[in-house]
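Per TrEMBL, the features are as follows:
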DOMAIN    31-211  domain 'tRNA(Ile)-lysidine/2-thiocytidine synthase N-terminal'
BINDING   SER36, GLY37, GLY38, PRO39, ASP40, SER41  ATP binding site
DOMAIN    265-327  domain 'tRNA(Ile)-lysidine synthase substrate-binding'
Amino acid sequence: MPRSISIPDRFCRKVAQTLVAHDMVQPGDAVLVAVSGGPDSMALVRVLTHVAPEFELRIGLAHLNHGLRGPDADHDQAFVQQFADGHGLPCVSEIRDVKRLARETGNSLEEAGRNARYDFFSRTAADHGYTRIATGHTRDDNAEQVLMALVRGSGSKGLSGIPAKRGPMIIRPLIDRSRQEIIDFLAALNQAYITDDSNQDPVFLRNRIRSHLIPLLEKHYNPNIRQGLHRLSRILGEETCFLEDHTCRAFDRCVEKKGPDAVFLSIPGLVALHPALIPRVIRHGILHVKTNLRRITHDHMTAIQDLAADSAPGKHLDLPDRIRVYKTRGRLCIRKETLPLRQLGRMHKQSTRIPPKA
Ligand SMILES: Nc1ncnc2c1ncn2[C@@H]1O[C@H](COP(=O)(O)OP(=O)(O)OP(=O)(O)O)[C@@H](O)[C@H]1O
């Protein structure tokens, strides 16, 4: 009979398999573990320190105090620091005023918090010589993400959920593990963690999905819905990758001229593409002049395609972040303007504004 393997050992083995399967680390890597103090990131740091000798990794911790929950946030920061000290691990923490960042950028608190975190992680990694940044996202987080994308009506990219890796640095070693496995692992180690009451607040869509929609789907439709959603996201992730590849090639064929602030796409070239590729190539064009696609909605994309198909000359569209789209000599031009569009609007007669999404 095989010797029974303990819960912590089994858990660590499974995470080690994820590290290998997704090629997440190389011997000699220095891994900065993003630790909020919650169950997932505490499990992450415990498992990574356990497998560090086998994978030849150096481990350190990073904690961001969002300055949002008053004394609770200070307590979380102290908890993470004490854990690091107790385990002889280096820890970098920082306090950011996320409320102010949200006000200044017009982003939601959630988005401002996320931006502040990833900015802090990358700076810390660069300053301290870390080669990877590990976050504690789990399979359950991914299932919630997919459902959020579904209820918001996102496309296949949104439905691809949380990737196991992002760019050359960010890794998510717990992405194939469930929340229950994590709780069992922590209980077996007698490891304390912080519970964040805001995770229950129904104001946030994610919390309503976690505590209402998923249990409902599990009870009445599919007891394995989380695994199903996770699988769906992985399939769509692969297919999205494949389509992205085609998009890049189609984009190169359609581009007639490009500079740092503008790209000109051949309209006959666009029209000849498979309909699934047209919005993708246009998005690629927007990304050429704008670093991200935030605030570019489905309505914007439809309006751009309508503009390309419209035979009337002289029209243009104003998109967020000073992006102007117009037609010129059989080409669709996507341009990042230097002047505010309001000022430019007075210089053009026909402008179509797309109302921001409610
Ligand atoms: N304040 C923070 N400082 C450092 N890392 C963080 C912080 N907040 C979140 N993270 C990282 O991002 C991951 C996902 O964030 P999320 O908001 O889902 O986590 P959480 O619910 O606060 O805590 P956990 O995932 O640790 O249970 C965390 O697992 C952790 O790796």
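Using the three backbone atoms N, Cα and C, a Cβ is placed for every residue, glycine included.
Note that the structure is predicted; figures quoted are calculated from it, not measured.
Proximity of the binding-site residues (SER36, GLY37, GLY38, PRO39, ASP40, SER41) to ligand 1: a Cβ under 6 Å from the molecule is found for SER36, GLY38, PRO39, ASP40, SER41.
Taken residue by residue with DSSP, GLY38 (ATP binding site) is part of neither helix nor strand, so it is coil. Sequence-distant neighbours of SER36 (ATP binding site) (same chain, 6+ residues apart, CB-CB distance under 8 A): HIS63, ASP76, VAL80, GLY136, ILE194, ASP196. In the domain 'tRNA(Ile)-lysidine synthase substrate-binding' (265-327), helix, strand and coil residues by DSSP number 29 helix, 11 strand, 23 coil. Listed in chain order, the extra residues whose Cβ falls within 8 Å of the Cβ center of the ATP site residues SER36, GLY37, GLY38, PRO39, ASP40, SER41 are VAL35, MET42, ALA43, LEU44, GLY136, TYR193, ILE194.
Counting only same-chain residues six or more apart in sequence, the Cβ atoms lying under 8 angstroms from the Cβ of PRO39 (ATP binding site) belong to ARG179, ILE182, ILE183, LEU186, TYR193, THR195. Shown are the binding-site residues GLY37, GLY38; the one with the most C-beta atoms within 10 angstroms of its own C-beta is GLY37.
The Cβ of ASP40 (ATP binding site) has GLY136, HIS137, THR138, ASP141, LEU174, ARG179, ILE182 as same-chain neighbours under 8 Å, each 6 or more residues away in sequence.
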